[in-house]
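Chemist: Positions annotated as transmembrane segment by Swiss-Prot: 69-89, 131-151, 165-185, 197-217, 226-246, 721-741, 749-769, 786-806, 823-843, 855-875, 893-913. The feature N-linked glycosylation site is assigned by Swiss-Prot to Asn125, Asn130. Look at Swiss-Prot and you will find Glu407, Asp469, Ile471, Glu473, Asp518, Asp520 tagged as Ca(2+) 3 binding site. What Swiss-Prot lists as Ca(2+) 4 binding site is Asp443, Asp469, Glu473, Glu476. What Swiss-Prot lists as domain 'Calx-beta 2' is 512-611, and the listing cites sequence analysis. Residues or ranges marked as phosphoserine in Swiss-Prot: Ser622.
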Amino acid sequence: MAPLALMGVVLLLGVPHCLGEATPTPSLPPPTANDSDASPEGCQGSYRCQPGVLLPVWEPEDPSLGDKVARAVVYFVAMVYMFLGVSIIADRFMASIEVITSKEKEITITKANGETSVGTVRIWNETVSNLTLMALGSSAPEILLTVIEVCGHNFQAGELGPGTIVGSAAFNMFVVIAVCVYVIPAGESRKIKHLRVFFVTASWSIFAYVWLYLILAVFSPGVVQVWEALLTLIFFPVCVVFAWMADKRLLFYKYVYKRYRTDPRSGIIIGAEGDPPKSIELDGTFVGTEVPGELGALGTGPAEARELDASRREVIQILKDLKQKHPDKDLEQLMGIAKYYALLHQQKSRAFYRIQATRLMTGAGNVLRRHAADAARRPGATDGAPDDEDDGASRIFFEPSLYHCLENCGSVLLSVACQGGEGNSTFYVDYRTEDGSAKAGSDYEYSEGTLVFKPGETQKDLRIGIIDDDIFEEDEHFFVRLLNLRVGDAQGMFEPDGGGRPKGRLVAPLLATVTILDDDHAGIFSFQDRLLHVSECMGTVDVRVVRSSGARGTVRLPYRTVDGTARGGGVHYEDACGELEFGDDETMKTLQVKIVDDEEYEKKDNFFIELGQPQWLKRGISALLLNQGNGDKKITAEQEEAQRIAEMGKPVLGENNRLEVIIEESYDFKNTVDKLIKKTNLALVIGTHSWREQFIEAVTVSAGDEEEDEDGPREERLPSCFDYVMHFLTVFWKVLFACVPPTEYCNGWACFGVCILVIGVLTALIGDLASHFGCTVGLKDSVNAVVFVALGTSIPDTFASKVAALQDQCADASIGNVTGSNAVNVFLGLGVAWSVAAVYWAVQGRPFEVRAGTLAFSVTLFTVFAFVCIAVLLYRRRPQIGGELGGPRGPKLATTALFLGLWFLYILFSSLEAYCHIRGF
């Protein structure tokens, strides 16, 4: 209610001068720069309306009181409706800017070990985009209003455009920040993350308005010279470059190291030059420290590599948090939640929050929630095309293809499978044995024959005889091959080989391998390989220990883990130490080691598993033979030979008795992170791909729910009454602006250009309506600009900052861009307009005159109040409060009241000065 009451006071300021007049004040020529604003005409304003850029004067020019009221209502309602239209087209405009600034490029990163990896990073620097396209998008009405006002009035300076820029700056600095401070929930606070950039933009913001005062009241009072106007415009790229340097720590940031700390008593930030520190810098990072793991080395690499590393760490942290919250879900299920969670919690641009606020206000719904609902309704991708080999033919192969048997087993049984097909044919397939290291006749019995699969049969067995001997020998193997497939009908009659699709085929594995294990030795114990690569997400790794060259007797085999670069004790893996007991004729055992899942994007740590000396549990004849020489009793030659043979059969370690285990990152986890980085691009959420999509979106009413569920999107609720009302109020604008090219066309530039033109037309209409409203009620353009026009252009930014303050983890998106926008408004808005006008009048041989009185007073007042505002924000970084936004209830309410009071005083003093109640400059 306070802003409404303030507007009423402003409207009443000019009334006392006009109550006693029977007729309107006659029209006078506009005063020049040398005229005093204290003249009766300058103090009370004029009821005589002038033609606008697009709108003519409403005839007749001398209406009655009732007609004046009706006209004022029409102008005011039309102006509000135009503000709604500008907000909606700005929605499209900001979406195109988000698409443009979200463009990515691939970079190749070479690590210290020579390995390379490819990633994608944004082409646009965040700070540069915020101060250029983002600032242009959020301040386009103010900037274009100034340019159109000057160019549309014969290059004469007006009061509406500059007043709107200063008034909008005051509203953003005081009211928007006050709202952001207040809406943070109790007990929470938000800090500016990139404080260095904030210092630079805040300094330029204050300098911009100091510079305005200097060129209006000091250098050349009442006249803007060409060099002043051009220098104002040049300050815009200079400001952007300085902010970019601060963000990148270039020049003096590179050569002068500073330590920043906060005095616990005063809360003042203290800097001291010196060696590279290891304390917290202004942006919250640690200088001189590296991130653990290989990616930490990227901290000294290119900025793109650091940016990619930061994006990966954010996504990894999201997956870790969700895994702790939902331990029962697998990675695929977590990815579905993580997509929404990443969109919800990632740092968002000013464009996103502006679009989100506009759509919530106009009944278009929550951007993220609608995107999640559309993704859920969208049919999933197919699992892939069917296998080319799955053509309806039966497939015949060994299952399994590897067999092990002891030398004394007598025979080994092999299985052949028949899968697929129609099951109404008879198949004949031949088999035969082939020598390997085992020879037919001495180690196994040669065999060949034919297997017959009748209709419906899916498995056939064949048996191969094994020859036993008492000679100690190494493990040997031979092969069994399938060949010569023939097809018959159900009765078994062979069918001719036609040219059509085959009914059956032999597929791999066609060759089975049979390994004969010697049973005359206790065995050689070893790992299957010297090296084992495991993924950190495995949880538990199973390591096989094989017993070859014999399997006689019971053997106990000790083992233990040894640290390498990986650390045991639960850091990278759990220590394992124990014994494996191999029974008689047992050829394989498995030991388990638990791996700790650190969920790292890149990882390569190793540890070792060592086997101890095997112990033969002395039982039966082996124990007797080995213990015969322990006593004094002499043994015979036969006994000595038997003992020697038994000694040869003792268990021993093989060559691979030490296994190196390399723990690597989970490839599924790594792929998930890469997919999430690609899919969490907000340009995919707020952008449009076709006109059809835009028109459907324009006529659809959605619930404007600001609350977000971190566990994923909830069920879509029905729109409220407010959503329907706002939708029907704005449906004309929505359908009209659905004709704008989709953001996907020309990478967003087509939409960008059309939106600029549309915003320009609407801004010209707003300027004319505001001017006609002011002259109808007797309100001066300077007051009209700082109150009504500035308020109308800044309302969407207020809601955008509110949403950003609630949803972002830091304060940069909500208030960090306020100072940058204020500076850009002056340098770009006034710089372009005044440069064009100054050059035009210089060519004509005349000066470009600008009345300094009201504008200079407003600029000075705003600058003083802005110093107070920034000082309070920095003071709020004390530990007792916690940050620029939120904090304890007392300081939060006090800050909100102070900032709203500053805005109230700014409007009041500017209005009093405009109506000559107080003396200005």
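For all residues, glycine too, the Cβ spot is worked out from N, Cα and C.
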Chemist: Using C-alpha atoms only, work out the spacing between Glu476 (Ca(2+) 4 binding site) and Glu407 (Ca(2+) 3 binding site) and round it to an integer in Å.
Modeler: 10
Chemist: Using only C-alpha positions, which one of Asn125, Asn130, Asp443 is spatially nearest Glu407 (Ca(2+) 3 binding site)? These are the recorded positions in the record.
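Modeler: Among Asn125, Asn130, Asp443, Asp443.
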Chemist: Top stretch among 197-217, 721-741, 786-806 for CB pairs under 8 A with the transmembrane segment (131-151)?
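Modeler: Going through each listed stretch, the top one turns out to be 786-806.
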Chemist: Let me check one thing: do the transmembrane segment (893-913) and the transmembrane segment (165-185) come into contact, meaning three or more Cβ pairs under 8 Å with sequence separation of at least 6?
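Modeler: Counting Cβ pairs under 8 Å, at least 3, so yes.
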Chemist: Of the stretches 69-89, 197-217, 749-769, which racks up the most C-beta pairs under 8 Å with the transmembrane segment (721-741)?
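Modeler: Selected stretch: 69-89, with the most Cβ pairs under 8 Å.
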Chemist: Work out how many Å separate Asn130 (N-linked glycosylation site) and Asp443 (Ca(2+) 4 binding site) at their Cα atoms, rounded off.
Modeler: 80
Chemist: What does the structure give for the C-alpha distance between Asp443 (Ca(2+) 4 binding site) and Asn125 (N-linked glycosylation site)? Integer Å is fine.
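Modeler: About 74 Å separate the Cα atoms of these two residues.
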Chemist: Quick one: find which recorded stretch in 69-89, 749-769, 786-806, 823-843 has the most Cβ pairs under 8 Å with the transmembrane segment (165-185).
Modeler: 786-806
Chemist: Okay, the transmembrane segment (69-89) and the transmembrane segment (226-246): do they have at least three CB pairs under 8 Å, pairs separated by 6 or more?
Modeler: no
Chemist: Which chain-mates of Asn125 (N-linked glycosylation site) that are at least 6 residues away have a CB under 8 A from its CB, listed by sequence?
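Modeler: When sequence neighbours closer than 6 are ignored, Asn125 (N-linked glycosylation site) has Trp244, Asp247, Lys248 within Cβ distance under 8 Å.
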Chemist: Can you tell which of the binding-site residues (Glu407, Asp443) has the fewest other C-beta atoms within 10 angstroms of its C-beta?
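Modeler: Asp443, out of the binding-site residues Glu407, Asp443, has the fewest neighbouring Cβ atoms within 10 Å.
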Chemist: Given a Cβ distance threshold of under 8 angstroms, which distant residues of the chain, six or more beyond its ends, lie next to the transmembrane segment (197-217)?
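Modeler: Same-chain residues near the transmembrane segment (197-217) but 6 or more away: 127, 131, 166, 169, 224-225, 228, 232, 235, 239, 242-243, 246-247, 282, 812, 816, 819-820, 822-823, 826-827, 830, 850, 852, 855-856, 859-860, 862-863, 866-867, 870, 921.
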Chemist: Using DSSP, what is the helix/strand/coil residue split across the domain 'Calx-beta 2' (512-611)?
Modeler: 3 helix, 57 strand, 40 coil
Chemist: Please compute the mean pLDDT of the model over the domain 'Calx-beta 2' (512-611).
Modeler: 83
Chemist: What same-chain residues lie close to the transmembrane segment (786-806): Cβ under 8 Å, and 6 or more beyond its ends?
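Modeler: Counting only partners 6 or more residues beyond its ends, the transmembrane segment (786-806) has Cβ contacts under 8 Å with 3, 6-7, 10, 79-80, 83, 86-87, 90, 138, 141-142, 145, 160, 163-164, 166-168, 170-172, 175-177, 179-180, 183-184, 190, 348, 350, 353-354, 356-358, 360-361, 706, 766-767, 770, 773, 813-815, 818, 858, 885, 906-907, 910-911.
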Chemist: Look at the recorded positions Asn130, Glu476 and tell me which residue has the greatest number of other C-beta atoms within 10 angstroms of its C-beta.
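Modeler: Counting every other Cβ within 10 Å of each candidate, the maximum falls on Asn130.
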Chemist: Tell me whether Glu407 (Ca(2+) 3 binding site) sits in a helix, a strand or coil according to DSSP.
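Modeler: In the DSSP reduction, Glu407 (Ca(2+) 3 binding site) maps to coil.
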